[in-house]
Structure formats: structure tokens, C-alpha cells
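Some features that Swiss-Prot has for this protein:
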BINDING   D9, E47, D69  Mg(2+) 1 binding site
BINDING   D9, D128  Mg(2+) 2 binding site
DOMAIN    1-136  domain 'RNase H type-1'
Amino acid sequence: MQEIEIFCDGSSLGNPGPGGYAAILRYKDKEKTISGGEEFTTNNRMELRALNEALKILKRPCRITLYSDSQYVCQAINVWLVNWQKKNFSKVKNVDLWKEFLKVSKGHLIMAVWIKGHNGHAENERCDSLAKLEAQKRTKTIT
């Protein structure tokens, strides 16, 4: 099983508001960066969108170490998700994205590692900048 690192971040201006996401996928010395966004969203949705879009790129089951500054995403993957499924996602926010995560993560072994945001972690800083740029692209200017 290939070992992959994924770094991801999400941003929302206004929360909710225009949002962006970015992820870096790394396998050995190869790297791929993705980014995108939505017109009206939250930072948690963008964090999760970054991860889901990154997972869609992988063509075979992998052992993944996910690095995120989102306690929400890390705790959900490492702790909460099992119980959420047992309770049929009752009272869980962003159910659509969590159900998508379950589909796109199938076959992968994922360990989520929380990293402190805005603390000089190079890949997190890159993702943060890209996510903010994507969010800014989606702000409507009033004329």
C-alpha cells in the first residue's frame, strides 16, 4: 500500500460566506496541489471539501497521513465518525460531505494529525494562502 501525505485547509470569508479550499498530496518526491471554492459556505465545509477532493485523485487504496489544522476534521475522522454512522448522522452538520467522505475514503487507511494553524508549518501555510485566494476570487464587488 502506497504511503501518501495530504495537507489540507479551508477558508470562509464571513463564515458563512465565500470560501476556498486547498490540498497538497505528496507521494515520495512527487507533489500535486489542488484548490477550489464555493460562493457561500463555511470554513468547516471547505476543510472537508479539500480532503474529499484530494481523496478523489487517488487511484488505488493508500495509507494516508492527513495533516490539518481543523480539530473538526481530525476529531471526526479519528473519533466521532463511527458513532455518527451508528446514529445515522443524527444532528451532524455537513452530512452530505461526510457521506461523500465515506465513499471516497473507502479502501484507504487514514490517520488524521492535527497541526496548529498559522504556526510556520510550510504545507499548511501554502494551503491556507491558496484557500484564502480561492475565497477572495468568489467575493462579489459592489459597484
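Even glycines carry a Cβ here, placed using N, Cα and C.
Source: prediction; values computed, not measured.
For the domain 'RNase H type-1' (1-136), the mean pLDDT of the prediction comes to 96. For the recorded Mg(2+) 1 site, residues D9, E47, D69 set the reference point as the centre of their Cβ atoms, and the other residues of that chain within 8 Å of it by Cβ are C8, G10, N43, M46, A50, S68, S70, V73, G117, N124, C127, D128, A131. Candidate binding-site residues: D9, E47, D69. Nearest to D128 (Mg(2+) 2 binding site) by Cα distance: D9.
Just so you know, of the binding-site residues D9, E47, D69, the Cβ with the fewest other Cβ atoms around it within 10 Å is the one at D69.
A simple way to gauge crowding: the CB of D128 (Mg(2+) 2 binding site) has 20 other CB atoms within 10 angstroms, across all the protein chains here. In the three-state DSSP reading, D69 (Mg(2+) 1 binding site) counts as coil.
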